[in-house]
Amino acid sequence: MNYEVVIPAAGQGKRMNAGKNKLFIEAKGIPVIIHTLKVFENHDACKRIILVINEQEFGEFNTLLKTYHFKTPIEMVPGGRERQQSVFAGIKAAGKEETVLVHDGARPFIKREYIEQLVEKAKETGAAIVAVPVKDTIKRVQDGEIAGTIERSSLWAAQTPQAFRLSILMNAHLEAEAKGFLGTDDASLVEEAGGTVAIIQGDYQNIKLTTPDDLLVAEAILEAEKRNEHV
């Protein structure tokens with residue numbers, strides 16, 4: 001059940017309009033990246049965290065890690081220009097466990113139960129992701145007009161973590177690099193390489209903090225969690 005997790009944290013999150021790495025933004029007084037890291041710090045099966053960063057932000061990340069006193073080993077690795085390159089750098093630093101997870105630094109609300117289901121499924125099948133069924137009606141648009149309505153019963157929104165047998169993910173990244181293929185997530189690289197990826201149904205609270213509105217939602221979730229602790 002043990003695993004390592006790669007957390008890409010090098011992006012600047014331009015849609016957040018924060019003027020800095022969005023992972024340094026605080027939610028309830030604690031930086032977003034710390035909320036995310038604590039999820040894995042509090043899970044005994046997580047044996048190592050590989051944090052992929054912008055080299056220019058090494059000092060800021062190093063200070064945060066010292067301030068919040070993590071017991072789980074955390075290795076900082078320099079990332080690339082694209083998220084895919086950053087994840088590739090992260091998995092190159094992995095290898096102590098057979099299973100590796102990839103998780104967005106800006107998704108601090110993944111629950112342990114889904115991580116555990118995901119790791120078990122990945123051990124069984126080689127690759128698995130957390131996802132949720134699409135709730136909204138999806139339109140295909142061309143030149144500013146609706147060109148069709150997509151049947152949503154088979155549509156799922158991919159989230160992270162995404163879990164893989166390390167050899168499968170490494171081979172998928174190597175093939176993508178050789179082809180010049182740039183995927184939208186790591187599962188898409190495995191698909192492109194001819195592999196199959198299983199689905200674990202997660203929940204809609206596992207949001208990625210992308211815009212200022214998402215921070216308001218995050219604050220509300222954290223406030224609700226705090227209240228529940230005292231019930």
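In case you wondered, yes, glycine gets a Cβ from its N, Cα and C as well.
Keep in mind the model is a prediction, meaning the values are calculated, not measured.
What Swiss-Prot says about this one:
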- Arg15: site 'Transition state stabilizer' (SITE)
- Lys22: site 'Transition state stabilizer' (SITE)
- Arg152: site 'Positions MEP for the nucleophilic attack' (SITE)
- Lys208: site 'Positions MEP for the nucleophilic attack' (SITE)
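In the structure shown, across all protein chains, Lys22 is the one of the recorded sites Lys22, Arg152, Lys208 with the greatest number of other Cβ atoms within 10 Å. Mapped onto three states, the DSSP output places Lys208 (site 'Positions MEP for the nucleophilic attack') in coil.
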